[in-house]
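Chemist: Have a look at the structure that comes next, please.
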């Protein structure tokens, strides 16, 4: 089987494997398969389908379900209610039930608060305000009495409650507790003397929080909240208070699930919740009082936070712009370094050749023996017994300058590698600081947003949600960026150490520097993609997005994977190109009909810069056959056609002499790896005799070496009197009235025409 077919088969198998892996990860079995039966508890559904920003979103608490309750003006969870699910119901039904229970508690609280707010809009006489405050003071004293006398605490605990909440606005009276329903109240008689008897048996509070608060600090309209027994269940309710315009209303029922989740007995838990509810009423009323007297204060505070945030973000933006400019400068330096590595091979060599040629032209082109002959003969005609050196020794200062230039080129590989490592480390630091400052700017915006949300009571329940999820989001991506850059530094260090070790065997080769420049972006790009995927998954987890929502996009993922199969094919073929080292940045390659210098490449595309400056972009999936002209070593090919009348042996000996002189020249000896391979006579044609020579050079040095060798051979042939081959035309003219080979008597201008007459033909070249 051909190698291309094998690679195609392997790529198809890997593509199918990636598609199967994507489906297996994104689509749970219960969603990807056809459901044969409905109902029952789906163990795979452990989260609620409620949006993540809902403060009452249900969650698993062991085998129970629980939901948080946020009362008006509270930024923290007031309390958490629970639910013991029935074995026959689904997880989504249980989650919906506990969320409805939490929402119902908040709704009842808000309805009572709205009633108090409507009462607070009316001006209350001072005597009524004093009466309400005396009621609060008597309530405080009454509860302190309960706290100091444990004998007043209830001696019997309520019967085990049901697991469901039986919250109602008009509770029914238990016939078995008719006599106990008129238990003596421990509240002021002036407040409730004319109130109807409660349908709930009130139990006392062992340790109320408001007992430690001065009566003047409690809002006059703060309602009385009690704990009682209704239908053998512990309930928290607001008794009838005509002075506040409130009828008896149950707020929440404390059940066994609440006891399990909170880890406290029902009696103590109920009184703790009662104190929190009454404190929430007090805070909400004082907040409304502030809004009524200073309606614009909250907006002023929010504006101040926004100004501070704008100042901090602007300062961070200026610092980030500095690091961005630094990164852009370092990126440009790396680009110039990459261009110098690829261009120094040819451009600097050509420049050095031109420099040497200019300096040499200032001296005679004759050797010491030629100068002696010139003194004897008076002219520079060549001698048959002499050698044909092209150049006399250069002046010391010119030779030192050229040797120093080429010594720098010889040390280019190691110096470029060190400079490239330093520039990459600085750039990694600059990029890291840019990303950290960017996410800090986002964090600052979220923090100020959390403060603004906290300022307004209606949005205060979202404060923890805003901080807990929005703050972790920037921190997550700061961590991803930090890990990405640390991995990039680690990859650069490993590649540079590998390049130094390999380059120690070939000190004058830029190959390993080019491979580092090729592998480093590809490996770091792959790491960045992997970390980005992990960051997206972490973001999904932080936002609490339901996995079922992701599973619903399984079909979309399949379609995208099918449409993006060419991208996957490019990625796989690009990985194989890097793995097999077919070419690297800086190589000169021929891919199909496209020829040029590899200017940029990654696992998806390869960009070639052509001779005329055209930039060709080739998908890696379309690359099959690659001709690399500069990998490991190169070869300069010299082909010349000499005149048929020239001495072939003399020409071959001259080529050998010139090639040896060039190889011994300090200017070129490091560039030529082996003695020139003189192949001899390659062809004999009417134009002349073709001679061919191969010179093995360092990678990319075959262009300057070839140019210099052709220059030297041209001068050597001129000195030796060897003429180059040229197309020739022979004209044959016949005497004695003989006609040409054409019937019309015209001269035969065809090359190689031969006279057939008895006389010797006259030829004109």
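Placed from the backbone N, Cα and C atoms, the Cβ positions cover glycine too.
The compositional bias 'Polar residues' feature in TrEMBL is assigned to 163-181, 188-197. The domain 'Mechanosensitive ion channel MscS' feature in TrEMBL is assigned to 566-631. Annotation source TrEMBL lists domain 'Mechanosensitive ion channel MscS C-terminal' at 637-723. As annotated by TrEMBL, region 'Disordered' applies to 147-198, 364-387, 734-765. Look at TrEMBL and you will find 1-32 tagged as signal peptide. Among the features that TrEMBL reports, transmembrane segment is placed at 299-323, 429-456, 521-543, 549-568.
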Chemist: Could you tell me what the rest of the chain brings near the transmembrane segment (429-456), counting residues at least six beyond its ends with Cβ under 8 Å?
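Modeler: Residues 75, 298, 301-302, 305-306, 308-309, 312-313, 316-317, 319-320, 323-324, 326-327, 330, 462-463, 466-467, 470-471, 473-475, 477-478, 481-482, 485.
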Chemist: Can you work out the mean pLDDT of the predicted model over the domain 'Mechanosensitive ion channel MscS' (566-631)?
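Modeler: Over the domain 'Mechanosensitive ion channel MscS' (566-631), the predicted model scores a mean pLDDT of 85.
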Chemist: Per DSSP, what is the helix/strand/coil residue tally across the domain 'Mechanosensitive ion channel MscS C-terminal' (637-723)?
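Modeler: Tallied per class, the domain 'Mechanosensitive ion channel MscS C-terminal' (637-723) gives 36 helix, 27 strand, 24 coil.
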Chemist: Could you give me three numbers for the domain 'Mechanosensitive ion channel MscS' (566-631), the DSSP helix, strand and coil residue counts?
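Modeler: DSSP classes over the domain 'Mechanosensitive ion channel MscS' (566-631) add up to 18 helix, 25 strand, 23 coil.
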